[in-house]
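Take a look at the structure set out below.
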Amino acid sequence: MLTVQSIPAFNDNYIWLIHNSHNHCVVVDPGDATPVLKVLEEQSLTLDAILITHHHHDHIGGISELKRHYPNLNVVGPASEPIPGISQSVEDGDQVELFGERFMVLGVPGHTLGHVAYVGDGKLFCGDTLFSVGCGRLFEGTPAQMFQSLKKLAALPDETEIYCAHEYTSSNLAFALVAEQDNPHLQRYREDVSRMRAQGISTIPSTLRQEKLVNPFLRCEQPSIKKSVADKAFDDSDLETFAALRRWKDNF
């Protein structure tokens, strides 16, 4: 069983640290090396590898500094994105072994064209593809690509823990509560999130089961969501419902 802890970075990023019982660890999307090195020193951990989901600087900015401290680091990342320092390129369907656990690589284009996610041990590290109550902006991909990527993630077991890369839950809730005003699960989740954030507690990880109840981008087949975007969508297909929802959120 692997343990996961968050390392906050910048304003709202989470760098995820995965470690085993023998004080060896992996970090996911280290945009900044400084907080990572601090945790490694404080907890006497040895860094073995880095997992990268996509090429944006707030996810890769710490690679070079971490490699200076750990020259033999294996840096795993998407094959189709220009990321300096990658030593193991991966794509959809590949596997990465971490401390005896096999993690599957999932291609999830949308936020960026080469974006990947890693799933194993009941945990999904999905970068900026799926957030709690939200999804990533389409900087490079199309609505159809992101829609299919989210469907791929939604097909994972409901108990899968969702480790996204940003603390966006409160702002995402503000939009979701407009998009689906009568969803009782959203009302309850808002109360939970407000309490957690007031206490300085992270809302991540979420679970896939929870997201299917509250995340409008995973609920595009629901009549309540279709009704909300009816004046913004070109038709009532699930894909166009998603596209209209994403356009709405971009300008919310």
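Using the three backbone atoms N, Cα and C, a Cβ is placed for every residue, glycine included.
Annotated features, as they stand in Swiss-Prot:
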type    : residues             : note
BINDING : H54, H56, H111, D128 : Zn(2+) 1 binding site
BINDING : D58, H59, D128, H166 : Zn(2+) 2 binding site
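What Swiss-Prot annotates, mapped onto the structure for a quick look.
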| residue | record | Cβ contacts under 8 Å, 6 or more apart |
| --- | --- | --- |
| H54 | Zn(2+) 1 binding site | P78, E81, H111, T112, G114, H115, V116, G127, D128 |
| H56 | Zn(2+) 1 binding site | T112, D128 |
| D58 | Zn(2+) 2 binding site | A9, F10, N13, G31 |
| H59 | Zn(2+) 2 binding site | N13, D29, P30, G31, I52, T53, G127, D128, A165 |
| H166 | Zn(2+) 2 binding site | D12, N13, Y14, D128, F131 |
